[in-house]
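Feature list (source: Swiss-Prot):
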- Asn226, Met255, Tyr284, His320, Ser340, Arg341, Gly342, Asp381, Gly382, Leu383, Arg384, Glu420, Tyr447: substrate binding site (BINDING)
- His424, His488: Zn(2+) binding site (BINDING)
- Cys568, Cys571, Cys576: [4Fe-4S] cluster binding site (BINDING)
Amino acid sequence: MSQSSKTLKNMSKVNEAFIKPFPSSNKIYVQGSCKDIQVPMREIILTDTIGELAEKNAPIHVYDTSGVYTDPNVKIDLRKGLGSIRSTWIEQRNDTEILTKLSSNFSNERRDDAELDVLRFEHLQVPRRAKNTKNVSQMYYAKQGIITSEMEYIAIRENCKWQEYKDQIGQNEGESFGANIPDVITSEFVRDEVSKGRAVIPANINHPETEPMIIGRNFMVKINGNIGNSALGSSIEQEVDKMVWGIRWGADTIMDLSTGKNIHETREWIIRNSPVPIGTVPIYQTLEKVNGIAEDLTWEVFRDTLIEQAEQGVDYFTIHAGVRLQYVPLTINRIIGIVSRGGSIMAKWCLAHHTESFIYTHFEDICEIMKQYDVTFSLGDGLRPGCIADANDAAQFGELETLGELTKIAWKHDVQTFIEGPGHVPMQMIKENMDKQLKECGEAPFYTLGPLTTDIAPGYDHITSAIGAAQIGWYGCAMLCYVTPKEHLGLPNQDDVKQGIIAYKIAAHAADLAKGHPGAQIRDNALSKARFEFRWEDQFNLGLDPDTARKYHDETMPKQAAKTSHFCSMCGPKFCSMKITQEIKTIDAGEIAKIKAIQIEMDKKSAEFLKNDSEIYMKEGA
């Protein structure tokens, strides 16, 4: 038995650092119309303002992606997986059935292989599928006028109790570039957006552990975190750890991009322990099944992979259906030809067979599979630019136009769909991408990798890309795929995952502020108030990364007394602008009267000066 196998057999607990509650925070649940709709949020408890400005500060509620991992009342056992949230809702709709056997040949082969027992997730669930090839997608329900429990859950979650603060805290006016963001998100608004294809709810019926979330430009900007093994490294336990770590810091969805060993088993462990939607690129595993030879790929093997992953519970598939034979020659004169793994695989297949890809020709067959499990399309940008010199070229935009055509086909089948975008794009060319996507794809949600705005900073591409991510998020991009410092350099570790997610949480939040998303500024204002009042602990705790903020402060002022001091090590006690401003704010009425009297006299002298032709010296004889 390998060391990895031994570890898996005993893998029940999560690293304590991954699940400890955030400081001064409570996990709260807001109940919906029935008891089984319990929407999680994080409540940040604030200290009172003291001194002459004394007042109580209400707690701040923030969107929480960490699932039950940060709930001290829930015992986590990775071997058993998470509890089901949506099973009852799915059963009550009475349009699915539990299968008597797995539908995928590959799944059955893996299950029958006794040598894999040491790697297998122990508590495998029996998958569901729509009855009689019915449609069980959230889009189908939305078009029927049905508000599902998932939609109600999302409405509560998106509002995040911000209405409690609306009379207390102001917000700058935003520019939403034609988005339609209401003051209050209602269940009906969620239904309407999904029915029109402007938003998606990735929620496979075989992933009932998910806490429902939504992706669309009229909702908060979301971020995705990538994990996954490679042929050169990582293990099942490391990938599960990365998933838990990623959602702690704010990943709204996770993509498992595994290309190494035991992809099937790795994915099962991740899905069963994930409270957020899981996405994959099915062509990666399909390629593994044909021993890495792209020319040997077939529709039959790909179809079996789709069914295998749908029955495991994958919530969205990246499908590179827009890589058409006619677009491949357009990439020849690029500096960096085709950088998408999936795109390059399909381009090679198209050239080898000199025909359109089986993904493109069988697209409606794929829709038939997706709708029976409610798997969402993430239509992949296989021809995205890999450097800023290649941005916005004919290959990229030709593929985007095809994705728009495929979106309409998916919608005809009531299959939820969003669109993937670049890539590497300089700042002045980003808005063109967003505008063209909205036009070509009928306002289907856009999901971009950055984009990276410059190519000169290996090791810092979480920054080069977060700049572009904030910008395109402002213009209307619905979800941002994070980039880590290891981009272009290697497989990210846990610290890289955190760095990438924090950079993208900043970008997404900055975009929400710029759009004028209701309630987006509450946290900023609360932190600013804490900063002005020298409530250091509140400053740390309101931040996206309290641990790092506290660490940086304590490097120069480590003593507990420094947590109440009215200065930091940057300015010291004599030059703190906020301390001086506080003193100005506490000037008494008598002093203010003196200042006003002086101003009146100054105004008189000014008028007298102007009356005398604005001359510094009096003219002779005057």
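Note: Cβ is positioned from N, Cα and C throughout, glycine not excepted.
Overlay of Swiss-Prot feature records on the structure.
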residue	record	DSSP class
Asn226	substrate binding site	strand
Tyr284	substrate binding site	helix
Ser340	substrate binding site	coil
Gly382	substrate binding site	coil
His424	Zn(2+) binding site	strand
Tyr447	substrate binding site	strand
His488	Zn(2+) binding site	coil
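There are 33 other CB atoms within 10 A of the CB of Gly382 (substrate binding site), with all protein chains counted. A distance of 13 Å separates the Cα atom of His424 (Zn(2+) binding site) from that of Gly382 (substrate binding site).
Once the Cα atoms of Asn226, Met255, Tyr284, His320, Ser340, Arg341, Gly342, Asp381, Gly382, Leu383, Arg384, Glu420, Tyr447, the listed binders of substrate, are compared pairwise, the greatest separation found is 20 Å. Comparing Cβ neighbour counts within 10 Å across the binding-site residues Arg384, His424, His488, the minimum falls on His488. Taking Cβ-Cβ distances under 8 Å and a sequence gap of 6 or more within the same chain, the neighbours of Gly342 (substrate binding site) are Val281, Ile283, Tyr284, Thr318, His320, Gly380, Gly382. Non-local neighbourhood of Tyr447 (substrate binding site): Ile215, Asn224, Ser378, Phe418, Ile419, Glu420, Gly421, Cys477, Ala478, Met479, Leu480, Cys481, each in the same chain, at least six residues away, with C-beta under 8 Å from its C-beta.
Comparing Asn226 (substrate binding site) with His488 (Zn(2+) binding site), their Cα atoms are 14 Å apart once rounded.
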